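Annotated in Swiss-Prot:
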- 19, 178, 179, 180, 258, 264, 265, 281, 285: ATP binding site (BINDING)
- 21: Mg(2+) binding site (BINDING)
- 47: K(+) binding site (BINDING)
- 60, 103, 258, 289: L-methionine binding site (BINDING)
- 103-113: region 'Flexible loop' (REGION)
- 107-134: region 'Disordered' (REGION)
């Protein structure tokens, strides 16, 4: 069947939990969760580096808790699947170095005693906690999928999750932990997905694997399975370009193939390039860092805007100054998809009325002082169909519509 004419092609990628950068994200968030579990007020900024045979954990922490970081690192590596020198990395025998210092007192003072509190004295409790850094954060939502995510990144994540599942469950034998997926969709003149154009999967594997066999297995157990599970068969009826390990063999992977670092997959973590990004990474950071908590809040805001029927797509930007509680800026963009005769400025005013975007309020409303972060380290922080994440709640729809005087 001939494919519909495409106005544009858009591509997003995902990676598996065995990718070197994702190993680092997982280790950093595992340490964060362990500290929050024992001391919810922990301040954590932990970065991880992995390379051949060794893991380096560095950063700054303020906490009353003690956790055995080397053991946490080893357990996470083994859980991911790096449990033997044959696969290129062994969590049981690799080196682990830890260099963690105390959080800067100046940063701590700015978070614990905001500029508003120092200047005005008697302020609301939520005005006392300042942002942990300056910066800008974006949130995005679209109604092109049930999870309010862009279809390219949503499908790329589903493919990565399934690739890991078939490896761990032995559905497709001889796979190793490292892997990447990439999806290209055609979009029509109405800027809606019209058909699936290209799927790329690169997966680490054992030396004896035949490439033709691997392609057959991954087409059946990963690509076809995901297309059916996602319910997008109508977008996959034409000729789809499928590329499995297009570089050839992929035996050497994980930290032996490439060094990894926390925070290097920020587009994979968010919207696959469909929305703007403020530049701040998430993993290893406690929610006093607005890089993380405010980005989650912006997703919450954007998703509720779209779920309320105010727009088909929404992108929301917020900005903070270090040590200040109140945001210094908020911006709503609906890309001319706004409904009900509303302007972006009206939607923005409703957001300010309905959502409290001070860091302390975000942390309280989303209940962020909990060990919920390690599960987000791979396969995206937004639109997760396999996790119950508080920033994915559609719980302000009625309030937004009421603020805009809509029935």
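Using N, Cα and C of the backbone, Cβ positions are placed for all residues, glycine too.
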- Note on the structure: Averaged over the region 'Flexible loop' (103-113), the pLDDT of the predicted model comes to 80
- Give me the largest Cα to Cα distance among 19, 178, 179, 180, 258, 264, 265, 281, 285, the residues the record lists as binding ATP, in Å as a whole number. 25
- In sequence order, which same-chain residues at least six apart have a C-beta under 8 angstroms from residue 289 (L-methionine binding site)? 45, 132, 133, 280
- Could you tell me which three-state DSSP class residue 21 (Mg(2+) binding site) falls into? helix
- Which listed residue (21, 258) has most other Cβ within 10 Å, given these are binding-site residues: 21
- Message: Most Cβ neighbours within 10 Å: which of the binding-site residues 47, 60 is it?
- Response: 47
- Between residue 103 (L-methionine binding site) and residue 285 (ATP binding site), find the distance joining the two CA atoms and give it rounded to the nearest Å. 12
- Task: Count the residues of the region 'Disordered' (107-134) that DSSP assigns to helix (H, G, I), to strand (E, B) and to coil, and report the three numbers in that order.
- Result: 15 helix, 1 strand, 12 coil
- Query: Listing them in sequence order, which of the binding-site residues 60, 258, 285 have their Cα within 10 Å of that of residue 47 (K(+) binding site)?
  - Reply: 60, 285
